[in-house]
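The transmembrane segment annotation in TrEMBL covers 31-49, 55-74, 150-171, 177-202, 291-311, 331-348, 369-389, 409-430, 442-462, 493-514.
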Amino acid sequence: MTNIGNIPMLLNVVSYLHGKMHMDIADASTTATNFFGAVCVFTFLGAFVSDSYITRFYTILIFAPIEILGYMLLACQAHLPSLHPAPCDVTNSSPSECTTVSGRNLSLLTLGLYLIPVGEGAVRVCAAALGGDQFDREDPRELRGAASFFNWYTFCISLGGFAGLLFVVWVQDNEGWDLAFALSALVALLGTLVLVAGMPFYRHQKPTGSPLTRILQVFVAAFRKRNLSVPEDFVGTHEMTTGETGTIVEVLERTSGFKFLDKAAVNDGDARRWSLCTVTQVEEAKIILRMLPVFVSSVLGYLPIPLLLTFTVQQGGTMDTRLGATNVPPASLFVVPIVFQMLILVVYDRAVVPWLRRATGYAGGVTHLQRIGVGFASNVVALAVAAAVEGRRRAEGGAAAAEMSVFWLTPQFFLLGVMDVTSFVGLLEFFYSEASAGMKSIGGAVCFCILGIASWLGSFLIRVVNRATAHHGTSRGTGWLEGANLSAGRLDLFYWLLAIFELVAVLLYLLCAWRYTYRQHPRMQVQSTVEDHTAAIKQDAAL
């Protein structure tokens, strides 16, 4: 339910910053992408708390009110005239005629904008991990449900976004941002109450102590023993270990690779925690190192996405938004990819995956990394299409550009939907499944952190491009993305630059994915599951 409020906020906040707070195009876009990045990066805070100290359920209960408070602060600022600039047509006025938000009002805006990510980040990552915890992956009957869970989790996100983009965006544009922010706070509260209602039915994964501390201990111990050699027949200690809370941690067998870390588990007589680690701790550190190249290449692959989302909304604001007798808010166009997402997810999960499962032997039909790669490839096409559409809009010029239908943006919206269905779900599954039992929330946070870092790098890229193109801009030494409106810049060239960047990022990702070795290979999982399930059927028939 929280997505009914926060998805319209994520996608349309740039309109609020530009139209209500009178920020220019570059500042509004930078603030919007920073906001999106903060939502993703703050998932680490919630993941750390839930994996280390309290359950995921109670972490959500603690952080959800923080998100609600952020929405209420923004609602108050949007409602009270003294807390925001006087109304002004920022699109058709000169920059000097509209007062930009500043001083204490800017501080209030910043506080409200960043309280929401603190709360939403924790809620988002813990909700995904809490749902995954409800499946026993050792039970053949539940493994297939676990393979489908993240598809349906994404479907529910899309369903919430669909409702929000139809209703909340309409409220934003027609009834006022104050009411829209209050409505977002209300649905976040209702979502929390729904979560509380299901408390008796959840499986709760108890915290196992700080996974970050355990991993740091491995690097410290390995550095201290850097002059030791690992025996040829080294096995290490495989006895069950306990976390700081006394909860049993998953036992991991020793693997090859990153042998310098094995030194942390060699007993040289110093049994202190920061000098001697278990093999399980060492393997957790190896898992992180193995995933690191995929993480970095995925950040680069996702970098253009928040920029494309942000500027597509602003493109729509300069075009003809009529659908019959109704004007469609540009942000509501995201209904198009969301509808495609929901349809594709249902078809993929119910028709495509069973067929692919029989053909490939993988539990999810294809590997997680293959699914991610399809999304990144579709993003290259989305950027090229966006560049071509923006070039046509600029070529029309003046009144003709304003009469160009906003539905020219539909192809890039559709391709963005494909990106979410493939890459987002694939990343979520990959980092959750590859993480050890004591790091499931951290695994989900790593996925969201990719989106956050990509957003922040996108903001940095905007500034770099503006500075680099300032002497080659359309007028008065402005850069491609500067000025009060898009027509004063060269968004089409910026899109082409992003398309080239994304193509290079895809090639880098393919290299990293090809070199990656799964901790638990999907093909082996599904084969064992089929064998166990067949044996169970035979046993039931015999009885």
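Even glycines carry a Cβ here, placed using N, Cα and C.
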Contact check, the transmembrane segment (55-74) vs the transmembrane segment (177-202), 3+ Cβ pairs under 8 Å, seq sep 6+: yes
Selection from 31-49, 150-171, 409-430, 493-514, the stretch that has most Cβ pairs under 8 A to the transmembrane segment (369-389): 409-430
Of 31-49, 291-311, 331-348, 442-462, whichever stretch has the most CB pairs under 8 A to the transmembrane segment (409-430): 331-348
The transmembrane segment (177-202) in contact with the transmembrane segment (291-311), cutoff 8 A, at least 3 CB pairs, sep 6+: no
Cβ-Cβ under 8 Å with the transmembrane segment (442-462): same-chain residues at least 6 beyond its ends: 26, 29-30, 33-34, 36-44, 46-48, 51, 121, 124-125, 128-129, 132, 211-212, 291, 295, 298-300, 302-307, 427-428, 430-435, 481
Contact between the transmembrane segment (493-514) and the transmembrane segment (291-311) (3 or more Cβ pairs under 8 Å, separation 6+): yes
Same-chain residue ranges lying at least 6 outside the transmembrane segment (150-171) that approach it to Cβ under 8 Å: 1-8, 11-12, 128, 131-132, 179-180, 183-184, 329, 331-332, 334-335, 338-339, 341-342, 345-346, 348-349, 420-421, 424-425, 428-429, 432
Beyond the flanks of the transmembrane segment (331-348) by 6 or more, those residues with Cβ under 8 Å of it: 7-8, 11-12, 15, 151-152, 154-155, 158-159, 161-162, 165-166, 169-170, 172, 309, 312-313, 316, 406-407, 409-410, 413-418, 420-421, 425
